[in-house]
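> Pasting in a structure now, in structure tokens, and then I'll have a few things to ask.
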Amino acid sequence: MENLLKNQLIDLKNKISKYEQEIIKALKEDLNKSEHEVIMSELYPVYKELNFFIKNAKKITKFKNLKTISNNLFSQKGHFYKPLGKVLIFSAWNYPFNLTLNPLIGAFATGNSVYLSLHPFTPNINNVIEKITSEFENISILQTNNFEDSLTYDKWDFIFFTGGNVNGEKVRRRAFELNIPYCLEMGGKSPVIITKDAKLNKSIEQILYGKILNSGQTCVAPDYLIIHEEIKEQFDKLFIEEIKKLKLDLIDKDDKISKILSKKRFEDLVNEVKSQISLENFIETKQKIPFCYLKSLNLNSKLAFEEIMGPILYAKTYKNNNEIIDIINQNPNPLMIYLFTQNKEEIEFIKKINSGNLMVNGTIDLVGDSELNFGGYKQSGTGKYHGWASVELFSFKTAYLKVKKDWFIRFKKYPYTKEKLKILRRYLNLIR
């Protein structure tokens, strides 16, 4: 079993390697992604996840013994993983290769039959995914017309969904109808907290990396800044200087920045930014807008309440830590909180705020780490995956106990007597 799984995963890895150039080309055609971004955010996390499962194939398929104690002293006990059955995975349009293959690897490695519902916005990468997976018996591509058709195509044993709240709620209802487990990887407004002792230049470098990537169309992209009021002016000056230095306030001449995939979202973002500042430098035909930093935000702006999903950042200020909580609580629980600080007490305070994940003095990279589970909290999602978390997510963990000799059966069985009660009380005293 171990060798079979390992060989299948190696075959999948080799297939991806074979089609690497087609993957890069397809993502350029669908999202205008540069090769640089494809390697960083689409290929690297997938290879890393595959390497994890190849390395741990034996542990996944092996029965795990537990040490026996007390009345099970002469028994064998432990647990083993069983496949859930038919797993439906919905792909996402913003990282259509990574966010399809990453959960697929976990579901496939745990022995499930995997069915992919690919996003209609990304036809070119969908074709490549179909080529890669076509020779694997336990992986199928659904040829359905829409989201609802995929949901009701079969009586699924598990549903994995990455996307927005509207469809996420449909998944929740369908899972309730079928009485099955599910995982929702949604999003939310991920705040960036910048304390007064943060290293500003390094913070700016990380924030821009996280926000420029895929033109801000990342579920954990920095959504807005919460800056200590004592450093706000200094931060603004350095941040705007860096934006101009990198020419982010201009449309990318080398065509290396991803486009806003949804035409409607592009139009909404342009209109929102225009209501805040003068915006002339955008290209409607390419659905591209320059990086925009709003030093403050109108209270009525939709940007204050919606996940932005674009290269736009706005800032708020705070005086004390309680104000940070008040600002974050104006929106549903975030998928990620970013904190820039050198203060350990600040870190401990922010740890107490409910969010899916927390990253200190960096952005984005937590998502691609197979050694860390990733997922949302309440409104930003349900369930965790990556690495061992994927094994737990896509499997049924079955408890096992083999009784060799039960020394205590004579004291447990009926009829209950005073002598038996004395023995049981002595045993109870030992474990109190």
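Glycine is treated like the rest: Cβ placed from N, Cα and C.
TrEMBL lists E185, C219 with the feature active site. Annotated coiled coil per TrEMBL: 2-29, in sequence order. Annotation comment: TrEMBL describes 11-394 as domain 'Aldehyde dehydrogenase'.
I would like each feature placed in context: is it buried or exposed, what are its neighbours, and how far apart are things?
Around E185 (active site), the C-beta neighbours below 8 angstroms that are at least 6 residues distant in the chain are L99, F160, F161, T162, G163, C219, F374, G375, G376, G381, G383, Y385.
The predicted model assigns the coiled coil (2-29) a mean pLDDT of 95.
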> Count the Cβ atoms, other than its own, that fall within 10 Å of the Cβ of C219 (active site), considering every protein chain shown.
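Cβ-Cβ neighbours of C219 (active site) within 10 Å number 25.
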